[in-house]
Amino acid sequence: MNKDIATPIRTKEILKKYGFSFKKSLGQNFLIDTNILHRIVDFAELTEESGAIEIGPGIGALTEQLAKRSKKVTAFEIDQRLLPILADTLSPYQNVKIIHQDILKADVQQVISEEFAGIRDLMVVANLPYYVTTPIILKLLADRLPIRGIVCMLQKEVADRIAAKPGTKEYGSLSIAIQYYTEAETVMIVPKTVFMPQPNVDSAVIRLTKREKPIVEVKDEEFLFQVTRASFAQRRKTILNNLSSQLPSGKEKKEQIIEALEETGIDPTRRGETLTIEEFGRLSDALLGTFK
Ligand code: SAM
């Protein structure tokens, strides 16, 4: 029986054997607590028939647990220095493939069709590099991958913003961009002590479950996100003032913006943070003709 990778002793042994030094710029904070890893994998609800896509396997702590609990794991790792280490630590597992690539540049759709043919249930599971959590999640969702969802560790502050409900101070364009595609929930708060080295911020695990169809039907998704970003540009401003100052030629089109707000039953003096995604959807459809 192999010793788990994710213990302080084994992790230190591996790092020493390879003379590995952490790169802060790559968000390298490795998990050294097997219990936390088991819980992360539990939240993904994998079966023996599932496939798992991991981003940033590090020295393989999470990869190992995914390999034990799924049919196949494919992991994207940007840091070449980790490849020989992973080949060693994951050698007992025949169902793991490591791809040396920046996830932001990867054609994940293509990798899925090559690596997961015949696998119907696919989850992304990751302890994300904190310097790029948001771009990674948004890319995976915008790529419309055939996945059931994403379970990932990230900064607690970002998790709070992703899962936020209207009317809270955390609710903003990020909450909308992600909840448009998924149901978002924070499932676990994680202390700094389970990482090596310890990060400066608190962490959380979120589960994003893909909706069968987006929460609201809109004519132009890109424009919906443009309208939401504009609406939150200055949080203390009303929706009317934000839209007229942020949308192209918005000042000249203030009358049309007022009309669109009235037509959709949204009081122009409300602030963006009080609008539901459905309201933003109706508003963006009503504004579309004026701005596009
Ligand atoms: N999964 C390991 C664990 O939990 O111990 C390591 C997690 S560590 C927080 C993040 C990992 O992502 C590192 O291995 C880092 O090299 C890798 N990484 C950073 N940026 C990446 C990118 N753009 N694409 C793929 N991997 C990346």
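The backbone N, Cα and C atoms fix where each Cβ goes, and this holds for glycine too.
Taken from TrEMBL, the feature S-adenosyl-L-methionine binding site covers Asn29, Leu31, Gly56, Glu77, Asp102, Asn127. Packing around Asp102 (S-adenosyl-L-methionine binding site) is summarised by its Cβ count: 11 other Cβ atoms lie within 10 angstroms of its Cβ, all protein chains included.
For 36-212, the entry in TrEMBL reads domain 'Ribosomal RNA adenine methylase transferase N-terminal'.
Around the Cβ of Gly56 (S-adenosyl-L-methionine binding site), the same chain contributes Gly27, Ala75, Phe76, Glu77, Ile78, Ile103, Ala126, Asn127, Leu128, Pro129, each under 8 angstroms and 6 or more positions distant in sequence. When secondary structure is read from DSSP and collapsed to three states, Asn29 (S-adenosyl-L-methionine binding site) falls in the coil class.
Summarising the S-adenosyl-L-methionine site geometry, the residues cited as binding it (Asn29, Leu31, Gly56, Glu77, Asp102, Asn127) extend over a maximum Cα to Cα distance of 20 Å.
Sequence-distant neighbours of Leu31 (S-adenosyl-L-methionine binding site) (same chain, 6+ apart, CB under 8 A from its CB) are Ala6, Leu37, Gly58, Ala61, Leu62, Asn127, Met153, Val194, Phe195.
All protein chains shown were included, and the count of other CB atoms within 10 Å of the CB of Asn127 (S-adenosyl-L-methionine binding site) stands at 26.
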